[in-house]
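Peer 1: Let me begin by handing over the structure; questions about it come next.
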Amino acid sequence: MVAGERLYVDLIDVNPPMIFWLNLPPAMVSAATGLPAAMLLVGWYALLTVAGLTVALPDLSRLLPTGPRLGVIAGAIGGLVILPAHSFTQREHVLFALSLPYLIHALARADGRAGRSSWFTAALFAVSVCLKPHFLIIPAGIEGFLLIRRGIAPSLRDPVVPIMASAGIAYLGAVALFTPAYFSATLPMMAELYTSAGVEWRELLQGNQVLPLLVGCLGLGLLTWRGGAAAQLLLVYTVGAAMIGISQMKGWDYHFIPARGGLFILAGWAFGWGLSARPGRAIIATFALVFGYASILAPPFAAQRNFAQSPAARLRDLMQQTAPGGAALWFTTSLKPQFSILQTTGGRYVGHYMSLWPLPELYPPKGPSGLRPLDRLEGIERDLMTATAADLARKPDLLVVTDGASEPGFGARTWDHLAYFKRDPRIAAALADYVPVDRVDGWTLYRRFKP
């Protein structure tokens, strides 16, 4: 987009446009200054988080006693900084960060003590809710709780819900105006293919994310429910956040960042309540719980350490030696590790699609074994073939082809990306300009030998 690419036309992705728009400021600054994009991205979201907390934190001292307040702050720090691990600036991390000021003001609104500063935090939170439709679960739960607690009349006088609703309506209008292809092309593609991609309930519940959260919510809920509106509101938030992760039916760890953060905020409140005479111990207990949980499920910097010793790191080094900073096209159904590699090498990704994820949906493991004839391709499959031909016409310096056997989604099906795409004469002619360099684990690197 920084180079003028049209979202959902030149850059095709299933995610709603808000995350791309939010990421534009640091991306533009990086392009203009040469500063590291990752550093600017983290700094940008830290700035938004600090802006919201600067407005909301002064209210926390009059809403909670010292013990619970310090425990809540410790839990929030753990949820923001420690537990996300390798998932910093994922949309769920952004949601959690921008929901904290809204949550503080929701505590104030429960007692009728919120001022106009809650308008700003509501608008900021609404922006984060627009990142994914699943995120509506949290404001629905919070506002429903406040409606039950306060009654209809005070809720109707509260401007927070109209502010958030107005932000959502404005966002939908902006999507229709600036990225109409999201409605005309991306949503139909998702309805046809993407919604079927997920895990079974049994697999989701047997993973290492859902069950610990459900047990934690149940245990802390029984312990804190009688602690008043603050504890109840924190529990509603945490349960809603857990439902966000569950409803996406993937079981990916970053989908549960807000739920883990909410759980440890609630635990911090419980420690502060039980150790009200010794608030320092509440802080220690909260951080001990956070670090204990993180050491088991999300050790800090584990992803970075693992990457340094991984085949992906060897592939990165090989790409850097072959074509330093060169443009690359990746034949893979995954989003890893191409973008982290290109970010560190200074390379550029030239594909229309972020990955070839539609292929396993078009050719599922238990489907017919043959390929559709080239002249009978239609819809998404035809678009994917055309886009790949256009990508190769850009003459990328490097191609990385992932073995079908190691690709997610194909199961036991034998799959060869190059054999599939070479059926198109345009692609076959373009691929003739590349020679293999080396093979690293499940990847084969090709370089372009013609100018």
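Each Cβ is built from the backbone N, Cα and C atoms, and glycine gets one as well.
What TrEMBL records for 35-58, 70-88, 122-148, 160-183, 204-223, 229-247, 259-276, 282-302 is transmembrane segment.
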Peer 1: The transmembrane segment (35-58) and the transmembrane segment (204-223): do they have three or more Cβ pairs under 8 Å, with pairs 6 or more apart in sequence?
Peer 2: no
Peer 1: Checking distant contacts: for the transmembrane segment (35-58), what same-chain residues at least six beyond its ends satisfy Cβ-Cβ under 8 A?
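Peer 2: 23, 25-27, 29, 80, 88-89, 93-94, 97-98, 100-102, 104-105, 117-118, 120-121, 124-125, 343.
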Peer 1: Which of 70-88, 122-148, 160-183, 229-247, 259-276 shares the most C-beta pairs under 8 angstroms with the transmembrane segment (282-302)?
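Peer 2: Selected stretch: 70-88, with the most Cβ pairs under 8 Å.
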Peer 1: For the transmembrane segment (70-88), could you work out the same-chain residues 6 or more beyond its ends whose Cβ comes under 8 Å from its Cβ atoms?
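Peer 2: For the transmembrane segment (70-88), the nonlocal Cβ contacts are 42, 49, 60, 64, 96-97, 100, 234, 253-254, 257-258, 260-262, 264-273, 279-280, 282-283, 285-287, 290-291, 293-294, 298-304.
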Peer 1: Near the transmembrane segment (229-247), which residues from the same chain, at least 6 beyond its ends, have a CB less than 8 A from one of its CBs?
Peer 2: 63-64, 68, 72, 92, 95-96, 99, 103, 106-107, 110-111, 132, 134-135, 137-138, 140-142, 145, 149, 204, 209-210, 213-214, 217, 220-221, 255-256, 258-259, 261-263, 265-266, 269-270, 273
Peer 1: Using a Cβ cut-off under 8 Å, which residues of the same chain at least 6 positions beyond either end of the transmembrane segment (259-276) come close to it?
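Peer 2: Sequence-remote neighbours of the transmembrane segment (259-276) are 64-76, 78-80, 83, 96, 213, 216-217, 220, 223-224, 227, 230-231, 234-235, 237-238, 241-242, 244-245, 282, 285-286, 289-290, 293.
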